[in-house]
Amino acid sequence: MGTTAPGPICLLDLCDQKLLDFVCNVDNKDFMWLKEIEEEAERMFIREFSNEPELMPKTPSQKNRRKKRRVSNIQDENRDPVRKRLSRRKSRSSQVGTRHLRSKPVTIVEENGFPVLQRITRATAAAAAAAAAASVASASSSSTAGSPTVLTKKAVVEISTSERLSAELQLTKLKGSLPPSPVSQGTLTSEEELTPKKSEAGKLDSVTVNSLKATPQSPKNRGVGEGRSVSKLKIARASWGLQDSPGSTDSPWQERVLSPILLNNILPTTAKSPLGNIRSVRRSLISQDSQVPLASKYNLVAKQENGSRRSSRRIAKKAGKEPEASARIICHSYLERLLNVEVPQNVGLEQEPVEVAEPEEAEEEQEVSKNSGCPSKPRSATKIAISTPTSKPAAAGQTTTVEEQEAELDQTDGHREPPQSVRRKRSYKQAISEPDEEQLEDEELQPCQNKTPSPPCPANKVVRPLRTFLHTVQKNQMLMTPTLASRSSVMKSFIKRNTPLRVDPKCSFVEKERQRLESLRRKEEAEQRRRQKVEEDKRRRLEEVKLKREERLRKVLQARERVEQMKEEKKKQIEQKFAQIDEKTEKAKEERLAEKAKKKATAKKMEEVEARRKQEEEARRLRWLQQEEEERRHQEMLQRKKEEEQERRKAAEARRLAEQREQERRREQERREQERREQERREQERKEQERREQEQERLRAKREMQEREKALRLQKERLQKELEEKKRKEEQQRLAEQQLQEEQAKKAKEVAAARKVLNMTVDVQSPVCTSYQMTPQGPKSIPKISVDDYGMDLNSDDSTDDESHPRKPIPSWAKGTQLSQAIVHQYYHPPNILELFGSILPLDLEDIFKKRKTRYHKRTSSAVWNSPPLKATMVPSSGD
């Protein structure tokens with residue numbers, strides 16, 4: 001690059017300006033986030049874990065609000081906020097561009113041509129933000145200097161005693177396997193630094209894992225454990241040479257541009273692009289796989305990129321086996337999940353075989369998951385154990401070993417979580433199960449002396465908490481505010497804290513300790529089994545979700561292919577239709593030309609035919625006129641003949657009608673005479689019948705009168721006999737009473753004379769009540785018998801009389817000749833019902849009862865109806 005060229009100089013000035021803007025942005029925005037994270041980490045270090053978690057009130061409105069806001073807070077920056085589905089509102093070109101922006105890490109090609117990947121970490125970002133304000137002036141001055149400088153200052157990072165001891169022990173183990181290399185500087189990098197991206201990448205700095213603490217897991221649940229475990233970054237002293245690094249240059253541009261953002265003049269391995277720095281520090285903790293759309297897995301470009309990544313991984317594995325002078329402390333499991341690439345490590349095969357094998361298995365599992373199209377969703381976060389300058393050193397008389405200190409540090413770091421604003425809002429089951437598992441994993445590493453034994457308690461009063469209670473507590477813990485999330489994110493196991501220990505005063509301390517350890521071991525085994533079961537269920541659910549998403553995406557892609565095929569077919573059909581239309585137009589033109597020629601020939605023929613037709617028409621018209629004249633004369637002659645014939649017929653008809661009228665008149669006269677004679681005869685018969693009936697009536701009345709007189713006479717005689725009988729009985733009764741009174745008086749005198757006692761009460765039994773009737777009945781009323789009333793008012797409760805022997809007399813008008821005459825007269829002279837009663841309106845039950853019921857308009861009787869109702873809506877039913 002020529003220094004005198006104006007274009008590159010302007011480009012360098014533009015880069016300087018952009019970089020200064022980025023530094024100001026980091027100072028004003030990102031630094032505030034880093035300060036908040038640092039304060040949260042300090043609170044996590046110094047907080048007291050024995051306090052009870054503060055629970056938020058759970059109201060129905062809050063529950064509903066939480067359910068509605070389950071959308072992840074961490075969304076892709078390049079994603080359209082309106083876009084909701086993969087198959088809508090995005091063309092294929094925009095999707096490809098978006099996929100590259102999401103999945104492609106930021107690379108910058110240096111002057112030597114090596115593409116190197118670098119991302120900002122928490123430590124680097126915090127250091128750069130802290131030194132940004134102080135180094136702006138030096139950056140402007142160094143940009144004009146233009147002389148290459150070599151940065152040799154070192155960054156001093158204080159570490160705790162346990163970390164220093166573990167790092168020294170690890171370095172002593174690695175001295176035999178690693179070749180000597182100049183130690184220039186110790187630095188702390190995140191998992192994302194120095195990851196090989198393409199196959200043509202040059203030599204990269206190797207990585208040494210000094211201390212990688214992991215909970216022992218079985219191969220069965222190792223995949224889940226790696227996806228959910230919390231990584232720990234231990235600080236060790238590693239060195240790397242600036243002069244030997246392929247990415248380092250001594251150009252004046254690098255000195256001028258990179259100096260403002262370096263902490264204590266530490267030159268990073270590669271320059272960072274502005275696009276990579278725009279991403280927030282909190283977003284650096286989120287997996288890139290979760291932001292890559294699923295559609296990228298089914299495209300050919302994504303498959304080619306996966307192949308190139310696998311080849312770069314193989315090259316990185318080979319390069320990782322070569323010894324290098326510099327080393328980094330990187331948590332491989334989190335780095336591989338975050339970047340989806342292999343990270344080479346420089347650990348000897350003979351040292352720490354288990355720790356080296358686990359990342360390789362994770363790499364294989366990750367490759368399988370990539371090939372299957374199901375990206376994992378790690379929830380782990382990088383944990384950096386950095387001691388503050390005010391932290392106290394460990395006591396000289398410390399009795400715990402280095403391993404116990406590291407275990408305690410792991411337990412403390414294991415409870416750290418990103419702020420609640422960064423964490424993705426989880427569902428109900430995830431909020432219950434995930435914190436419980438992470439808490440139990442951390443509690444397994446806690447020492448036993450932290451447990452405070454509960455007071456002795458009978459076994460029947462021990463409360464065995466259910467699993468739902470722990471889940472409820474963990475769910476409430478996840479629903480707290482961001483300020484309380486750090487204090488309440490850790491909870492002691494309810495079983496470990498509250499389960500009482502059996503205290504036997506007869507046993508020794510050793511026996512008690514052994515029993516306690518045995519019970520603790522059994523509880524840990526039970527918790528481990530439960531945790532494994534929960535992890536298995538979670539893995540199965542994740543697999544089901546992945547399969548559903550793949551199936552849905554496959555259907556979407558198939559639908560797109562079908563739509564494209566339909567478009568192609570429609571396009572072909574349109575082209576064929578246009579071709580057919582063109583052919584039809586050509587044929588129509590040819591046909592029109594032929595038709596014109598044919599019309600000309602036919603026109604001449606038609607003119608000739610028309611001339612001949614006119615001549616023939618004139619001849620036919622003349623013949624028709626002649627024939628019409630002849631026909632008219634013939635019709636006139638026929639009409640005259642017809643009129644004469646009609647006149648003759650009319651005269652004959654008149655004579656015949658006169659004869660018929662005369663005959664009818666004679667017949668009518670004879671009929672009237674016969675009717676008169678018949679009427680006279682009937683009148684005579686009627687009079688004779690009336691006379692006979694009157695005679696019979698007179699005789700019957702006379703007979704009835706005689707019968708009544710006889711009945712009255714018999715009744716009088718009966719009454720007279722009854723009166724005589726009554727008088728006779730009364731006389732007998734009176735005589736009996738007198739005789740009885742005389743006897744009683746005689747007896748009373750005899751008793752008084754015999755006893756000579758005064759004031760005696762005598763009971764006299766008088767037979768008067770039975771001797772005669774106390775209230776004699778009066779004369780019975782004689783019923784009045786009338787000829788015309790049929791005795792309707794007498795004994796109305798009697799049953800029907802026998803027709804052959806009726807008890808009551810039948811009136812004369814209801815029997816005999818009077819009844820037959822009345823029937824004959826009514827038959828020949830029927831009464832006019834309309835004149836007598838008027839027009840009878842049909843009954844309407846609604847008017848009668850002042851109600852409306854549906855059954856009024858229905859026939860509900862069981863009768864056989866042979867005719868339809870006259871008025872269906874008005875005729876009442878007989879069943880009502």
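Sequential numbering from 1, following the chain as shown.
Using the three backbone atoms N, Cα and C, a Cβ is placed for every residue, glycine included.
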Phosphoserine according to Swiss-Prot, picked from Ser160, Ser239, Ser333: Ser239
Ser766, Ser867 - the residue Swiss-Prot records as phosphoserine: Ser867
Annotated residue, phosphoserine, per Swiss-Prot; candidates Ser61, Ser94, Ser799: Ser799
Mean of the pLDDT scores, which run from 0 to 100, over the coiled coil (506-759): 90
Helix, strand and coil totals (DSSP H, G, I; E, B; other) for the region 'Disordered' (629-713): 85 helix, 0 strand, 0 coil
